[in-house]
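A.B. asks: Okay, handing you the structure first.
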Amino acid sequence: MRNLKLLKSLRSSELRGPGSPQFLSVRADTGSLLVVSQYAVTEYDPRTGQAVSEASLTAEGFLPEDGGGVVVGLQDLAELESACLATAGGDVVLFNLNTCQLECVGSVDSGLTSMSWSPDEELVILTTGQETIIMMTKEFEPITEVGIHQDDFGEARKVRVWNREGVLQATSEPVDGLEEPLSWKPSGSLIASTRRHPNKHSVVFLEKNGLLHGDFTLPLGKDQAKVKELLWNSDSTVLAVWLEDMTAGEDGWVNTYIQLWTVGNHHWYLKQSLDFGGDRQAAPVCVCWDPERPLRLHLARRDWTCITHDWGWTTERSPGQDAADNANVAVIDGDKILVTTFRQGVVPPPMCSFELQLKSPVNQVTFLCRPQGTNQLAAFTADGRISVYRQSGTCFLCCSCLRSEIEVDGVVVSVVHCSQTGTVALQLEDGQIRRVLWDCPDPSVEVWRDSTGCNINFPVPCVQTSLCSVGGEEYLLGLTDRSHLYAGDTELASSVSSFAVCNDFLLITTHSHTCRCLQLSALSVKGLQAALASDGGQNDETQRRVERGSRIVTAVPGDTRVILQMPRGNLETVNHRALLLAQLRKWLDSLKFREAFECMRKLRINLNLIYDHNPKVFLENIETFITQMNSIDHINLFLTELKEEDTTCSMYPRPEGSPIQLQPVSGQKKVDVVCDALRSTMETMDPNKFCLSILTAHVKKTEPELEVALQKVHELRAPGAVSAEEALKFLLFLVNVNDLYEHSLGTYDFDLVLMVAEKSQKDPKEYLPFLNMLKSLEPNYQRFTIDKHLKRYRKALLHLSKCGPEHFPEALRLVREQKLYSEALRLFAANDAQYKALSCAYAEHLVEQQQAEQAGLLLWRCGEFVGALQAFAGSSSWRNAICVAQQIPLPPDQLALLARDLAGNQKLTEQRRYSEAALLLDQYAKDCEEAILALITGAVWEEALRLVSEQDITETNLKPALFDAVSSHTVFLEAQVATFARHRARLAVVREQKEKARLDMLDEDGPDCPDAELYSEASSVMTGSKYSHSNSRISSRSSKNRRKAERKKLSLKEGSPMEERALMYALGEIVTTVDKMRVHNLLKALVLFQLDRQAEKLQQTFEEALQTTEAALPEVWPDGIQNNNAPLTGPNSTANSITASFQQQQQKPAASQQGPVFNHHLKAPVCNV
């Protein structure tokens, strides 16, 4: 639905010469014109009006000097930098464009009638006066010569086709009235010709096999004109028909005109008609298309005036921005304007909504850019008239127009007007932009400037322009014939095939088969550039795929429809997601729920957006929503589509910069909130009318309230309301019938159960006996049976507890099976026998679950002391066990035996709870010696010394234990120091190797080698380090699991990838282990028993270990250690805290503060606080 719009027409009349032009050709490399006459060949530049070069054909003898010579062909040969021309006398001449020399490359004695070159300039065809065809190479070497008239295919053939080897390929069927013009379509296999019928004159198309393939009728009488020539443009989109009247007019002159035809959807449109009148001097004598610019046509007149017309493709659409605009698109078709109003519907071309018949062919059409008047259009016809039409109802009426003139310095190629701002912008032929000040007393033109005062121009001329506001500033958008889109002098995107501005949105189609839609007010020019350069995400609403070659025809203002035209001409309507969501958001903001709902339902937009767009506003206007819907089905549809997902975060993300709407009720599920709000409002408005919707609200909650819904169905008795049967049928549509039957059974209402069962597919033999059995039971036991059948065990237990003591064994069995101990205890009084039985059963369960201490507490409080004692004893809860034993009470000997069992047999010592074991043995078992042995085993030296009263125990047990402790501590410290030294040495080797590898890589690849950083020491230490902040808030359990997983990756094997990290981790573990050792109490005990040598050795070994680890800290963790306020060492220090605080403090750590420093001069411990 595109028209040809004349961008500019360049007329050059400076060239003058004898005779008149006979042939015209265009140089592809320079754009200059080659004109040949009866006397000379001239190269002419129409832009400067100067002749570039010229050579006389008469002086060289190629044409007679009397001017009677005829040139039958002219062709520019870019590769040879020459022009080839052929004369009727039979000469083939090359005109060298550099030296201006003429060279005869061949001659035919019988003369020549035509010359034609192949598109690739590899072959040349000559037709001779003997009616033969000569095929030659570009070096003018003959290939073949054949006769035009062939007897092989009969005598009446009109069109014959030869291949590149000169072999006859096909001869057409006899075509009556076929005329001499022929033109082969550059892209395709069609040959255009003309045919005169008894009642019409038409252009016909033939395939290369000679068969007819379509035609169109010229808008002329059958004997009115003759076709002088048919010319395809270079991209095969336009066919030029050069005509001349067969009879002279009243003034004796013969009219000449050129028509430009295009095809779409198998229909040929007359887009331009150039009428030259009957002036013989003004009529063109030569016509040719430009080989580089497909829509540029060159004409040469008899008076040597050269005219160049430049056209561009354009879609003439009405520029309105509101619902008053009918989204009109006007298509030129000869003397008719085909108008389609896309707001009312899509009419596929060549059909239309309205057809305007004019008196002469239309060359240009445009719509009025005034608000509320955008449905008016103006047409410029070939006879120079302007007609203005306004739409009235279903027809267009012709009206008058006003005219004013403004002088512009330059050639204007496009004019655009913005109806919102009133701005008028002009584009000149070189891309300059001008602003027209037309609403002032003295209209004028000024340079276009931006907000900073800088002049703004297009870098190159644009074939389509449009005014819009981007980020609050007005810009002129332009699209070039090379598919570049500009906003002033800024290129926004390339590979753009079409664009349109609709309301606040920019719509574009690209050659990558996408349609983009961007909101202009929310973006700056740079933001627009970035958005068009990005590919978009999965849920990017600004982009959608379209069919290959799609172009924008129009977008319906105030609507969501975008009309696209495919390459073959058919139309497709799409609802672009960005336009659609913007319109929906506008409707929802203005509380137009009905419009939004209808649009979302039609275009399959998730209905959750109605609530998710602004939950607070929706809940505040629930009644408005229900009133506007005014349809039970629509409300039910909305309810059934509800889900917990927030569609504004997933499916339809909010535009950037828009405020995020929070959920009005925190902690509650969205579906429940909406269902409850709708249900309560409908119950207030009209519960009978909205009965089905109320039932839907109950059923669609996250935990369906089927019993409530069934009860409401059962209670339906009000006049005017839906019947219970109808409501039940509706529920069966929403819920599975078996589920509904089970829930109806849970209401304990047998009338309701029967009503549901009758609507199901169940066999009465299946459910009637069961229902009859239930009716025969006592009410509480009946409900117990129903709840147990429905596996509602808590309710079943509640009803069973009310059935009396005779049913308690069944209740206890149910409690054991379903583990309902806590619920059961709440149903009985604490002084009942049932409560005690339940407590004992619960205790057994807890013991099985390895929770013996809780079982003991439960038994203790219900008076089962013996069971409680066993439970406490089994859980090592010795304090509770002693309390229960004293409460029983146990005899002293049994109490002592219990204490001994708790201390030894019950694994207090195995659990390293030596102090507690000693307390039991000393106070309750009255065995002081065993208590002392337990304390010695646990290295609780001070408490052991408190209980020692006999020298024998000191000599036999205490001192040997001290010696063993000193020995084990010393051996352990020496082993740790040796391991530390070994790992430290290996770490130095590993780092040296890594540094050497890094330096070698730098030597090979230079200082900018990116891989050299892989070997840097800092990156190895910091990026891969496992140590975390000591004040991490991660739970100990998760931290432990994470550290365990990371340790699995570390290996101390030499040469392993993680060896350096593994060594650092091992060294850190040694530092932590040594730092956490406790030798304070051991040293005091050694000094007390005058074991100074052993104490001094242990102190010295411990201090050497601390000094060794301390001295290695700067070497192991040299740089980049995180600062931390934690002490360098201490009881809560870790390898991480030690390394992190080292560089912060830079002082001798307080490791020696962890125990007494033995002064061998004073022979006494010095304890630091």
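Every residue gets a Cβ built from N, Cα and C, even glycine.
Note that TrEMBL annotation is computational and uncurated.
Take a look at what TrEMBL says about it:
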COMPBIAS  1025-1038  compositional bias 'Low complexity'
COMPBIAS  1122-1139  compositional bias 'Polar residues'
COMPBIAS  1140-1154  compositional bias 'Low complexity'
DOMAIN    155-292  domain 'ELP1 first N-terminal beta-propeller'
DOMAIN    331-390  domain 'ELP1 N-terminal second beta-propeller'
DOMAIN    405-553  domain 'ELP1 N-terminal second beta-propeller'
DOMAIN    577-774  domain 'ELP1 alpha-solenoid'
DOMAIN    781-946  domain 'ELP1 TPR'
DOMAIN    952-1116  domain 'ELP1 three-helical bundle'
REGION    1020-1054  region 'Disordered'
REGION    1122-1157  region 'Disordered'
A.B. asks: Which listed stretch (331-390, 405-553, 577-774) has the most C-beta pairs under 8 A with the domain 'ELP1 first N-terminal beta-propeller' (155-292)?
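C.D. replies: Answer, by Cβ pair count: 331-390.
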A.B. asks: I'd like to know the mean pLDDT over the domain 'ELP1 N-terminal second beta-propeller' (331-390).
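C.D. replies: That stretch averages a pLDDT of 89.
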A.B. asks: Counting by DSSP secondary structure, give me helix, strand and coil numbers for the domain 'ELP1 first N-terminal beta-propeller' (155-292).
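C.D. replies: Tallied per class, the domain 'ELP1 first N-terminal beta-propeller' (155-292) gives 0 helix, 73 strand, 65 coil.
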A.B. asks: Pull the DSSP breakdown for the domain 'ELP1 N-terminal second beta-propeller' (405-553) and write it out as helix, strand, coil residue counts.
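C.D. replies: Tallied per class, the domain 'ELP1 N-terminal second beta-propeller' (405-553) gives 9 helix, 70 strand, 70 coil.
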